[in-house]
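Below is one structure, written out as structure tokens; the observations come after it.
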Amino acid sequence: VLGGDECDINEHPFLAFLYSHGYFCGLTLINQEWVVTAAHCDSTNFQMQLGVHSKKVLNEDEQTRNPKEKFICPNKNMSEVLDKDIMLIKLDKPISNSKHIAPLSLPSNPPSVGSVCRIMGWGSITIPNETYPDVPYCANINLVDYEVCQGAYNGLPAKTTLCAGVLEGGKDTCVGDSGGPLICNGQFQGIVSYGAHSCGQGPKPGIYTNVFDYTDWIQRNIAGNTDATCPP
């Protein structure tokens, strides 16, 4: 996260850390057995750590999990990495809530333009050279009007995405923050998907998967209906 500060150790009990060979992502715990991240964070072999703050100084209640099942939208266009950029993961065993671990529920309402949204992650805090912090960084940005975003990206973002940033630039998610949450007015509204080639370019806000549009798909999969499709 660019332009932020170290997150408070107690403000992100739902934020988890996904790591594989040579890369990592954020993810969000939504209940005792399920987490949500970006589809582009998938790999054949990854582990997830919950209850993490510092990567060097471990919390006593940290828990590590492997994916038991992974779900991406069956109607996702596989040739487009960023189409329907959401993945639902069932953990290999349930998590118990603890001091640094607690889920964030799915949103009950869609987000509104202008909302103040919190971003967080262990991604780079500098550009163009990347610097990865030991603890997650947090910043507040704003939800931007969809049309503004389409203009900035030549019509690229799909309707099931949100745009958020600050127009003067300098505050943004960055490399390594993918898959983490966008929390607007206390609700889990977005998943970090992509952004301008260089993070923090004001006129090009970050692009986030719109969680509200996928709540039905998520709930159906959790209930065992794995044939559920996502919105177009």
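Numbers run from 1 along the shown chain.
Cβ coordinates come from backbone N, Cα and C, glycine included.
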According to Swiss-Prot, the disulfide-paired cysteine of Cys163 among Cys149, Cys184: Cys149
Residue among the recorded positions Asn77, Asn129, Ser178 whose Cβ has the most other Cβ atoms within 10 Å: Ser178
State the count of C-beta atoms found within 10 angstroms of the C-beta of Cys163 (disulfide bond), not counting that atom itself. 26
CA pair Cys230 (disulfide bond) / Asp85 (active site, charge relay system), Å rounded to integer, equals 11
Cα-proximity to Ser178 (active site, charge relay system), 10 Å cut-off, over recorded positions Cys7, Cys25, His40, Cys41, Asn77, Cys149: Cys25, His40, Cys41
Quick check: in three-state DSSP terms, what is Asp85 (active site, charge relay system)? coil
Name, in the order they occur in the sequence, the residues of the same chain whose CB lies under 8 A from the CB of Asp85 (active site, charge relay system) and which sit 6 or more residues away. Ala38, Ala39, His40, Ile191, Ser193, Tyr194, Thr209
